[in-house]
Amino acid sequence: MIPVRCFTCGKVISTAYEEFKRRRDASEDPKRILDDLGMDRYCCRRMLLTHKEIIDELNPYQ
C-alpha cells in the first residue's frame, strides 16, 4: 500500500511513487530521481526511500 501523503508535512507523495519505483528498479540514483520529481523536503524523501511493499505478503491473510 503506497502512502498517499507524507506523515510529517502532509504533501501528496503517491503521485511520484510509481515513477520513483520504476526508475529505482532501473538502477538510477535515488537522489537524482527525487530531485527530478520535486521531492525537496527530507520528510517526503524519507517516505519514498523507506517504503516497503508488503501487500503481497498480507494477501494470504484476507
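A Cβ is built for glycine as well, from the same backbone N, Cα and C atoms used for every other residue.
Here Swiss-Prot flags Cys6, Cys9, Cys43, Cys44 as Zn(2+) binding site, drawing on sequence analysis. Sequence-distant contacts of Cys6 (Zn(2+) binding site), defined by Cβ-Cβ distance under 8 angstroms and a gap of at least six in the same chain, are Ile13, Arg41, Cys43, Cys44, Met47.
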Sorted by position, what residues of the same chain at least six away from Cys9 (Zn(2+) binding site) have a C-beta under 8 A from it? Arg41, Cys43, Cys44
With DSSP assignments reduced to helix, strand and coil, which class does Cys9 (Zn(2+) binding site) get? coil
Top of the binding-site residues Cys43, Cys44 by count of other CB atoms within 10 A is Cys44
